[in-house]
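According to TrEMBL, the signal peptide annotation covers 1-23. Taken from TrEMBL, the feature transmembrane segment applies to 290-312, 356-383, 389-411, 432-452, 464-488, 514-540, 546-569, 581-605, 625-651.
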Amino acid sequence: MGSFDKFKIWVLFICLISELGHGFYLPGSYPHKYGVGDFLNVKVNSLTSIDTELPYSYYSLPFCKPDEGVKDSAENLGELLMGDRIENSPYRFKMYTNETEVFLCQTKPLSGEEFKLLKERIDEMYQVNLILDNLPAIRYTKKENYFLRWTGYPVGIKVQDAYYMFNHLKFTVLVHKFEETNVARVMGTGDGSEVISTVGNSGSDTPGYMVVGFEVIPCSFQHTPDSLKNLKMYNKLPSPIKCDPTTVSMAIKENEPVAFSYEVNFVESDIKWPSRWDAYLKMEGAKVHWFSILNSLMVITFLAGIVLVIFLRTVRRDLARYDELDKEAQAQMNEELSGWKLVVGDVFRAPSNPGLLCAMVGDGVQILGMGVVTIMFAALGFMSPASRGTLITGMLFFYMILGVAAGYVSVRLWRTIFCGDHKGWVSVAWKAACFFPGIAFTILTILNFLLWGSHSTGAIPFSLFVVLILLWFCISVPLTLIGGYLGAKAPHIEYPVRTNQIPREIPPQKYPSWLLVLGAGTLPFGTLFIELFFIMSSLWMGRVYYVFGFLLIVMILLVVVCAEVSLVLTYMHLCVEDWKWWWKSFFASGSVAIYIFMYSINYLIFDLKSLSGPVSATLYLGYSLFMVLAIMFATGTVGFLSSFWFVHYLFSSVKLD
């Protein structure tokens with residue numbers, strides 16, 4: 001086949017892939033066509049605040065309720081774990097039908113408890129989150145000639161000693177005309193193929209529209225009692241409403257009702273449906289964001305390259321020196337010199353607490369695999385912000401499936417440490433299945449009691465707790481045991497040297513080895529600390545994180561740097577005749593978790609200054625501890641496995657007596 005023919009085949013293949021992608025939409029993110037006059041129903045999500053980090057139900061405050069009653073929307077596992085509670089609302093529009101002065105409802109006179117709760121929520125800067133056609137309501141504020149974007153709007157505002165509520169909402173719905181095609185596509189094969197129009201009815205003259213933007217301007221407007229007489233929901237108010245977001249007039253008072261109203265304006269926009277999330281994904285200082293990440297990647301790659309080159313040259317020189325000598329010269333050199341070759345009889349001596357090490361390495365493989373696969377799927381667009389909760393749901397799914405890898409690695413490492421002995425592999429597999437999940441379950445249970453006590457929607461419901469336990473013991477544990485069984489059947493890794501019966505005494509060290517181990521985490525931390533800021537902002541400041549492609553690159557670079565750092569430290573310890581490298585290689589790269597936790601505390605003090613109350617601080621530190629433990633297991637595993645491969649390769653490459 002000629003080069004030109006190969007080129008034509010590749011072009012045809014690329015065209016086919018692009019054509020498939022043209023008609024492919026991710027689950028939950030396909031476009032919805034609305035005809036003129038079709039009803040659009042607004043949904044409400046939990047009230048959120050960066051001041052407390054405790055989400056609450058929308059209807060925990062005295063807002064208007066729909067006539068048909070409050071109904072929960074279908075939620076996935078990830079949404080429930082993130083504290084989202086999506087419910088219906090009384091706000092409803094007609095497509096491409098502008099409405100003004102729409103009366104919604106008037107609440108009952110505020111009781112003392114409701115008045116106090118409203119004041120607390122306003123003081124704590126709680127935001128109301130509305131959703132239309134899967135798009136969160138976005139609010140723009142102007143500051144020094146540029147616009148800031150916010151999702152949601154505040155419950156109210158405090159001016160001097162008075163509290164004002166935003167009770168009138170001015171909605172702007174951006175729509176884009178539905179682009180129908182007159183080109184029918186052939187679906188099917190052979191004689192049974194049929195000509196089917198894939199998009200709507202191409203002969204219809206009725207225009208259709210897609211929602212491509214949802215904006216809100218909150219206003220505080222004082223309705224006169226006379227204007228509200230005999231009005232029902234969705235009636236038109238007799239007097240016009242001037243929505244001015246810079247002034248407030250609806251002061252809330254005990255034993256007085258609050259009236260709610262809204263207006264909606266439809267605007268045809270040039271924004272196309274695939275680009276409608278761009279407004280939410282734009283960050284202020286985006287150029288600085290990209291430049292900082294690229295700069296960090298380049299610097300760390302350069303440093304890691306230097307370390308790797310120096311390291312390989314040093315090891316190769318040592319190997320060359322020993323290989324060039326005859327046996328007598330080697331024996332004489334061993335007597336005169338100290339170095340890594342002197343620990344040949346102890347380098348593969350079983351470490352202390354081998355079962356715990358095997359379980360931690362197995363769990364680390366499981367966590368690392370989950371992270372890599374999840375970020376890859378997210379970078380490909382399968383877990384976009386439009387599909388709420390899919391990221392957490394995907395992480396749980398991949399974690400459970402990768403239990404097989406955890407059991408396999410932990411048991412095979414156990415058998416390798418004990419030279420192929422099968423005894424105790426079931427216990428090791430059980431440890432791998434329960435060690436990290438047990439720690440996570442304990443932390444989440446303690447935090448959940450705090451959330452239950454605060455009546456927050458962030459609390460995991462008891463029924464979901466039962467579901468998580470069933471997933472753990474009915475799926476994850478059996479898969480880990482199956483992996484352990486496969487690890488027990490697989491051949492163990494044979495050591496290239498024999499281990500002496502009597503352990504060699506380690507010479508006194510000039511500096512504590514653990515000090516060097518703890519300091520080794522600084523280089524891996526340098527690969528991710530800039531990206532860590534954006535991740536923390538997404539988790540705690542309500543921003544949307546979307547640069548998963550860069551996160552994947554950072555994660556790959558982190559794995560490389562962790563492996564290199566652990567190799568260097570292991571080599572340094574062997575050169576000073578310290579043969580206890582097993583745990584030190586794990587914590588050399590795993591110590592990056594210490595710096596991440598210190599960064600989390602720094603972020604709490606300097607960036608989350610407004611975080612109030614011991615419950616909020618405890619929740620923040622608890623979730624941060626859970627995160628850094630997972631990172632320690634994953635990075636420590638990378639360091640240990642790379643060091644194990646290096647030590648095995650080093651002592652199998654040198655001539656021994």
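Keep in mind that glycine also has a Cβ here, set from the backbone N, Cα and C atoms.
Predicted automatically and left uncurated, TrEMBL annotations should be read as such.
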Review point. Do at least three CB pairs under 8 A connect the transmembrane segment (581-605) and the transmembrane segment (432-452), leaving out pairs fewer than 6 apart in sequence?
Key: no
Review point. With pairs 6 or more apart in sequence, are the transmembrane segment (356-383) and the transmembrane segment (546-569) linked by at least 3 Cβ pairs under 8 Å?
Key: yes
Exercise for review: Quickly jot the same-chain residues contacting the transmembrane segment (514-540) by Cβ under 8 Å, restricted to those at least six beyond its ends, or write none.
Suggested key: 50, 53, 289, 292-293, 296-297, 299-300, 303-304, 547, 550-551, 554, 557-558, 561-562, 565-566, 569, 572, 584, 587-596, 599-600, 603, 607-608, 620, 623, 635
Point to revise | Range from 389-411, 464-488, 581-605, 625-651 with the greatest count of C-beta pairs under 8 A to the transmembrane segment (546-569) | key: 625-651
